[in-house]
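Going by TrEMBL, these are the annotated features:
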ACT_SITE  B:243  active site, proton acceptor
BINDING   B:24, B:165, B:243, B:246  glyoxylate binding site
BINDING   B:77-79, B:106, B:128, B:130, B:156, B:219, B:241, B:274-278, B:297-298  FMN binding site
DOMAIN    B:1-348  domain 'FMN hydroxy acid dehydrogenase'
């Protein structure tokens, strides 16, 4: 089976992963409408490709929060990578470093932050945080991450409670006994994800600020109002996200929400987006609409499921090649040439 | 089979109910376009979820016409509950009371109003009325309902004649001989639903007013013009309804009609909506667009068909849990925080 | 098999007619897009039904060009009725008279005008004319029709050449040897439909005017510009029609074109519409948008195919019942109460 | 099997061509969205047909860059015709001459320009050019073409790199060993299409201009901005094209892009379009929206695959008949009567 595009990896993962793991990764909330809209919304945005521009030398590198990456695609935070591949997040970290991009490690990793750091020293990594009822546990996590060289703190804002994913309910999903949410082992038992704190508010960003000098990126913003609040509370970046359609179903597709967030932010902080990226040309559209970088969630897991570190590199390399080709065919030789003129705005 | 969401109950009912009963409950008029649009229209309304609001303490209670209910979902009037479960409307009344919400009992119940009252004393109930050619029969019904403690009178306005439901015609639908429309037994034989009065007009609301001190709620309004007339004729509430798509096919979906009715009413009376509610997030959308409460028809029947009183409680509990979760994920901790800002209005 | 709605007759005809006949009647031009759009376009027009209006006494009669008919549905001109039923147009004429409505007999009838007249004396009939290269033949036809008591002359304007109906080409469609286009037998052999005159222009309406005192109705108008020309050239009526989607594919659905034609005509002549009528509520929509009457083509043939005169009466009776019921459910007690307020205009 | 419309030829080719050849011709980039949109976009443009205009004498001839052709449909440049038929481009040239229209021979022909010229002396032909890194090779090609009597030079602007066509990657597509890209044999080996020059810019049009006195037509323009640049750089014609959806996926359908290009060009040069033409009425729509002529790619290959020169003539003849009939049914007797009034512009 030739692995030509990301859906080849999806088909592989669906075929070879245990059903309960596949279902967990694939799950969307309720009717999975938002999960699927994330993908469909990209298709509704037509390009306006330009011709006869010198694209013989292509430069697809970019910077996020000052760190250079090989192309504007990073790894979004997702939990439980050992469900996809035995070495779990250690493989993810190695692949991200090999491809010279950013990996956002999840609180719900099945490897410790220390294991992740040791597996790929020097890689660009951010740490994703859920704030727990036990604030001391969260404080320790943040400070461990900073000490280990993580270079950004990603606060997930859209999970005061876990969304209703019907298949997980039917399957009675929980981690197999030999896997642990290791980062939290010392603090408490979290297999049921229960100790998240639903009372978190914008003021808690000030509390986070007091704990760390890392840049704070807020993840899960979908409206101009919340984008404005995020900027006012001093974050350094915003990830437009609907948690892969796993939280509130029937909210906006992320690429649609990106437009309004970018407009509200007016360049004051960097804006990223995740959800629905399946081709290099999706990356190009996201950048044309103002994203500084995109993050992939499920496709990274499919890559892991295929061949661990190597499989994830394959996924990233395909996206990289497709992104470079899309740029060239649209008439852009470097990321700095990408702009809103590349897409048909009136159809949004 | 795990009962995770309302469509699980639908699948159960379709499998286990006699075909003639399933067809009767499922029927829509003509091509069933409106029946199906009621559901699809909800999907066209995207949320604008807000983040980082304290949702640790959730309050989903509300009041309708002064009576508090545990959450803004009641039981719409539907006929012939014994087709779904042997104890019929007695089970419905018990489940509604157990879940602390409102049950609108239909004129076409297969239990008497007295049986319904006795089954669940103290429950919040409204009585749904069709005005018959024999006005004396209708008068008696209204006054029996008031005497039995029903707290609202729901006048159905959209059935001067019965809509054309093709499957019922093909099946030659009529009640099995051992079931009766008991409330009307003393007055006349109604198996064919014939004695409804198609000459009813707005002035008959004054006649109803003269019979009872109960609040009058009019059901079946779909336009701003009729909403204005309803307010002017002194009703206390409006249920935006198209009779589950069983009357005039190809009218508006109720959630679309709700917007114009709410605008026309300008808060002078309470507005409710039925039709197409299949998830807790549908309830949230209806409230965001101005409904004080929603009512469920077919899903209640599926619950009855599953396990009678207990099955209907399951249906209501699932809706309640989903509604609470949707509210939290949209950033609302109480019903009073729900408003039009929660939905993408421009797409309506 | 119960015949409950028009699609039951369609299914019957598809099952029992010889394939070559079914294909001929069902055929649309090219990709059949317009044929199908005629039906779909009705579904895109939502009703705005009104409640609590006295609909106990329903009056569905109307007048076309001064002649009263039992309800606003007539029989559109279609050819070769003997392909559907042995008695052909004689049965059609009888059914139309029995149901007290108008039948437009086609030039391409398989019975003579005399046979049609004799079969149902006194019935309201119009005669549909194609102008042939042999103008004398056309003149004779017009004058025979007038002498036989036909009360209108319908000039088909959209067939300078026959549209490309792929199935007819594949089937090598031609009339079976025992059938004849009898009206033209004396003049010439027309099995291949060839002698139509593609040089006809608006001025030929003056020529027709000189031949007969019958009202002239032009059939096949789809634009405001042609509607204006029709009025200026002195026709008495316009049938908005795309020939059932059998001529130029991908023109407008007739119900969409009706709106612009009605606006252009501003009441100066009567406007009718054919194409896509499948339910009584379609008739109501057409009248709400300004049609004085609709005409049915294929459904009449399905009725003939089912049981000849009796089958066509069944079709008409179903449409009549559905139309009456739709009117009542929309809040109209008589045809004069039907108006644009009944449909959601903004969605057109 | 009767060959009635172009999709009959498509079905034939799909059935009888080797899979690798069918896949190569059918391929679109990525998800094939643009390839399919090219066709679907035509369906979204409704005609406004006019009636009662004298269409007894039809004139469908037109001129492109001063040369008369029998109807406004030419053969677009496509590669490797020997994959479809043993005689390859020689058959194509003969069919185009027999039908009195223009054939744009591709750089990637499997016959030499000399063979093509000899096969059909006197035929109207243009030569399509990719500019190679080896400019000398390109110069020779241009001058050979001019010397052989080709009457136009078509510069393809949308292929700095080859688009990602998944099936070709899976199939490992390359020419069979007995076929050659003969025009380039003397210069270099091109089976992998690699030596195209991605550094080409608008200035290279001046270089081409210096090589030849042939009119230069630029192919692959999709935006008003590039149309303006093309005019300013002195081209004689523009082919609005997205390379059959084989380059950047999710750009505009060509018929949609045509409108904006025609507006930008304001008659200063001729504008043509390719992509998605499947019926004579598509040609009529393209002309109504401002194209001087259309070019067909895949349908020509299907015709070749069916019966070589004869099969391609069949395809062209069908399109010609359909175009003539569409014109007549829309009320146009000659190409000069075609205009924007024929289509419903507001729906674009």
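In case you wondered, yes, glycine gets a Cβ from its N, Cα and C as well.
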Cα-Cα distance maximum in Å, computed over every pair in B:24, B:165, B:243, B:246 that the record assigns to glyoxylate: 13
List of residues, in chain order, with Cβ under 8 A from that of residue B:297 (FMN binding site) and at least 6 apart: B:76, B:77, B:78, B:244, B:274, B:275
Local Cβ density at residue B:275 (FMN binding site) - other Cβ atoms counted within 10 Å: 31
For residue B:156 (FMN binding site), the one of B:24, B:165, B:243, B:246 that lies nearest, given that the recorded positions are compared by Cα: B:243
Cβ neighbour count (within 10 Å, all chains shown) around residue B:24 (glyoxylate binding site): 24
Stretch-averaged pLDDT - the domain 'FMN hydroxy acid dehydrogenase' (B:1-348): 95
Neighbour count (Cβ, 10 Å) for residue B:241 (FMN binding site): 29
Rounded Cα separation (Å) that holds between residue B:243 (active site, proton acceptor) and residue B:79 (FMN binding site): 12
Cβ-centroid neighbours of glyoxylate site B:24, B:165, B:243, B:246, 8 Å, sequence order: B:27, B:28, B:29, B:162, B:163, B:168, B:244, B:245, B:247
Nearest-integer angstrom distance between the alpha carbons (Cα) of residue B:79 (FMN binding site) and residue B:165 (glyoxylate binding site): 15
Chain-internal residues near residue B:128 (FMN binding site), provided their CB is under 8 angstroms and they sit 6+ positions away: B:77, B:104, B:105, B:106, B:107, B:154, B:155, B:156, B:219
Other C-beta atoms that fall within 10 angstroms of the C-beta of the residue listed as 'active site, proton acceptor': 28
Alpha-carbon distance [residue B:277 (FMN binding site); residue B:246 (glyoxylate binding site)] in Å: 16
Cα-to-Cα gap, residue B:277 (FMN binding site) vs residue B:165 (glyoxylate binding site), nearest whole Å: 21
C-beta crowding around residue B:277 (FMN binding site), within 10 angstroms: 27
Residue B:246 (glyoxylate binding site): secondary structure state under DSSP, collapsed to three categories: coil
